[in-house]
Amino acid sequence: MTEANRILLGVNIDHVATLRQARGTRYPDPVKAALDAEEAGADGITVHLREDRRHIQDRDVRVLAEVLQTRMNFEMGVTEEMMKFAEIIRPAHVCLVPETRQELTTEGGLDVAGQEARIREAVQRLAAAGCEVSLFIDPDQRQIEASARVGAPAVELHTGRYADAHSPAEGAHELARIRDGVEFGLSHGLIVNAGHGLHYHNAEPVAAIAGINELNIGHAIVAHALFVGFKQAVAEMKALIVAAANR
Ligand SMILES: CC(=O)[C@@H](O)[C@H](O)COP(=O)(O)O
Ligand SMILES: NCC(=O)COP(=O)(O)O
């Protein structure tokens with residue numbers, strides 16, 4: 001019997017909170033979504049506490065830290081406010097992401113190469129708080145090398161350009177960049193995750209890349225959950241990526 005290839009699914013619940021914040025209600029509760037996701041096979045829960053608090057709120061993160069059975073992947077911008085918050089919450093994983101106020105969603109990867117001293121200091125502070133740090137970067141050799149140099153144990157490759165490709169040729173080109181990035185990251189001793197913009201029709205080729213550790217997927221799961229329920233949406237995505245990783 002051959003051993004199955006392992007691939008983890010991190011479920012991002014930000015957009016459950018987006019729906020709640022649209023009306024300032026108490027529902028839908030991202031904490032309930034997180035617990036349902038765990039029951040349905042999520043390996044971790046991802047939340048992005050944005051500086052403008054457009055979706056996830058501080059309280060959501062505090063409650064999740066107390067109730068999650070799996071682990072939290074806390075996405076944050078590299079600001080002193082977020083650093084202090086993470087040092088209090090001490091999530092198992094912290095993913096450092098670039099953030100700009102006006103963006104609709106995270107537009108590109110973190111420029112680690114352009115600010116190594118600042119990112120190194122953040123990685124060291126978070127590691128001292130017991131967090132495993134990953135850096136959300138474009139699949140770019142220069143950024144991967146810089147991520148290894150600053151001492152991050154993991155990177156998450158931004159799959160947005162692949163997801164937004166306008167033609168099959170562009171999609172294939174972006175997928176090849178991700179595949180090369182995974183190989184390059186592994187050769188530098190990094191744990192390599194990926195995510196952003198992945199959905200039920202484009203996640204399989206990424207999941208099939210050998211050596212990839214985890215996919216973080218949110219918007220598409222939340223959208224599908226409207227029609228099939230949260231647990232079913234998570235279970236379908238998990239089955240899809242596990243099958244792709246073992247094909
Ligand atoms: C960093 C990242 O890719 C996720 O946080 C994703 O962007 C979901 O949050 P937003 O849709 O607010 O960007
Ligand atoms: N880091 C990517 C993530 O958490 C999920 O992004 P998306 O699936 O909501 O685009």
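For all residues, glycine too, the Cβ spot is worked out from N, Cα and C.
Keep in mind that TrEMBL annotations are predicted by a computer and have not been checked by a curator.
Bear in mind that the values here come from a model prediction, so they are computed numbers and not experimental data.
TrEMBL names Asp14, His15, Arg50, His55 as 1-deoxy-D-xylulose 5-phosphate ligands; from the candidate set Thr70, Thr105, the record adds Thr105 to that same site. Highlighted in sequence order, Asn12, Ala17, Thr18, His48, Arg54, Ile56, Gly218 have their Cβ within 8 Å of the centre of the Cβ atoms of Asp14, His15, Arg50, His55, Thr105, the residues recorded for 1-deoxy-D-xylulose 5-phosphate, and are not part of that set. Across Asn12, Arg23, Gly197, Gly218, His219, which the record gives as binding 3-amino-2-oxopropyl phosphate, the greatest C-alpha separation is 25 Å. Note: His55 (1-deoxy-D-xylulose 5-phosphate binding site) has non-local neighbours Asp14, His15, Ala17, Thr18, Gln21, His48, i.e. same-chain residues 6+ apart with C-beta under 8 A of its own C-beta.
Cα of Thr105 (1-deoxy-D-xylulose 5-phosphate binding site) to Cα of His196 (active site, proton donor): a distance of 9 Å.
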